[in-house]
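Below is one structure, written out as C-alpha cells; comments come after it.
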Ligand code: 13P
Ligand code: SF4
C-alpha cells in the first residue's frame, strides 16, 4: 500500500469560534488495469473463503461498489449500511467507507468481526466533535434532547439520546419538536440549520462541517443553473444554506439517486461527493449528471468534491485486509451498549416511519383505484 500522505484542513469548532484543524489522508496507489483484474478476482475468492460480506458507501471507488453489488453485499447510504450489516447473516462484514460506519456496524453487531480497508479513514465531522468538548457542551444544556448525526465517534453517540442519518433526521427532529422537546444538535451545522428551518424546532447547533459539502458554492451554482435551465439540482443537506436554497431535491445519497431516476428530467446538477455519480449513471442510464461547482474563480478547492477519507478505500488494501484479517474495528463493550441506544431508537423510528409511508401509499393507491371505480 502506498504511504503517500495528503494534508487535509477541516473546520474545528471551539466554543463560539471555529478554527482550522489539520488532518491527513493516505492516498492509495492506483493499480494498473492488469493488477485491478487480479485484485478483484482475489477479493471475490477471499470474500468466499472468509464467508464475508462487503458493505460499501456510494462515495467509494466504483470498482469497490461493483464488487459489493456482484458478491451479494450492499452499496448504500449510512442508514441502509447500518441496517444491512445488522441483519445480514455473515459473521464478517468488510465496511468500505469511513470509520464511523465501521463503528456503527460493530455497535449493532458486537459479535461480528468488522474489518475496514483502512482504519485511519475518518470524517471531518467526527474530527470536529471531540467527546470531552461535546460532553461539556451537553452538560451546559441538560434541558435539551441530544441528537447526533451518524458521522460521530462511538463515544459521542454514547452521550446522545438519538442518532440520525441524513435520510431520517428531519422526520425524527420534527417528531421530537411536536412533543415539545428542545434539541441540542451535533456536529453538522448545515444539516442542523436545514432541519431547524424545515421543522421550526428549537435547536442549538454544534458548528462542525463536512469538508466536501462545505465547499459547494451557491453563486457559482446559480450561474451553472443559468447555463442549463432544464437541469434539476440535487443537493445533500450537508451543503451550505445558499446551495440548499437552489435545490430541487435535498436528501441523503439514496434519496438523491432515487430522485435522479424518478424525476422527469434529462439533466442533473449534483452537489454531493462525486463518488455518487457512478450509481446515478447506472440507475438512470441516458441521463446527464454535472458536478456542482466547489470553488470560486480565484479559489482552489480543498476536497474537489471527493472525500479524501472515502478515497482511502482501494482494491489493494481491501484484498490485504481480507487476506490477513487485520484492521478489525473494536468498540469497548460498555461504551458500545450505551452507544447502541440512540442507534436502535433511530432504526425503530425509521422502520415505523417506512411502515406508515407504505400504508399511506397503499391507501392513496386504493383511494385512486376506488375513485376510478366510482367514476366508471
Ligand atoms: P448519507 O447517509 O447520505 O449516505 O451520508 C453520509 C455521508 O458521510 C455524507 O457525507
Ligand atoms: Fe465525512 Fe464529508 Fe467525508 Fe461524508 S463526505 S465522510 S461527511 S468528510
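Using N, Cα and C of the backbone, Cβ positions are placed for all residues, glycine too.
Feature annotations, courtesy of TrEMBL:
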- 57, 78, 149, 150, 151, 166, 236, 237, 238, 253: iminosuccinate binding site (BINDING)
- 123, 210, 307: [4Fe-4S] cluster binding site (BINDING)
When you average the Cβ positions of 123, 210, 307 for the [4Fe-4S] cluster site, which other residues in that chain have a Cβ within 8 Å of that mean position?
98, 124, 125, 151, 211, 212, 213, 238, 273, 309, 310
Filter the binding-site residues 123, 149, 151 down to those with CB closer than 6 A to an atom of ligand 2; keep them in sequence order.
123, 151
Near ligand 1, which of the binding-site residues 149, 210, 307 are found, taking a Cβ distance under 6 A to any of its atoms?
210
Name, in the order they occur in the sequence, the residues of the same chain whose CB lies under 8 A from the CB of residue 149 (iminosuccinate binding site) and which sit 6 or more residues away.
125, 163, 164, 165, 166, 169, 186, 187, 188, 191
Can you tell me which of the binding-site residues 123, 210, 307 is spatially closest to residue 151 (iminosuccinate binding site)? Compare CA atoms only.
123
Please work out the number of neighbouring Cβ atoms within 10 Å of the Cβ of residue 57 (iminosuccinate binding site), leaving out its own Cβ.
27
Which residues in the same chain, at least 6 apart in sequence, have a Cβ under 8 Å from the Cβ of residue 123 ([4Fe-4S] cluster binding site)?
98, 99, 100, 151, 210, 307, 309
Surrounding CB atoms that lie within 10 Å of the CB of residue 210 ([4Fe-4S] cluster binding site), all protein chains:
27
Over the residue list 57, 78, 149, 150, 151, 166, 236, 237, 238, 253, recorded for iminosuccinate, what is the maximum interresidue Cα distance in Å?
17
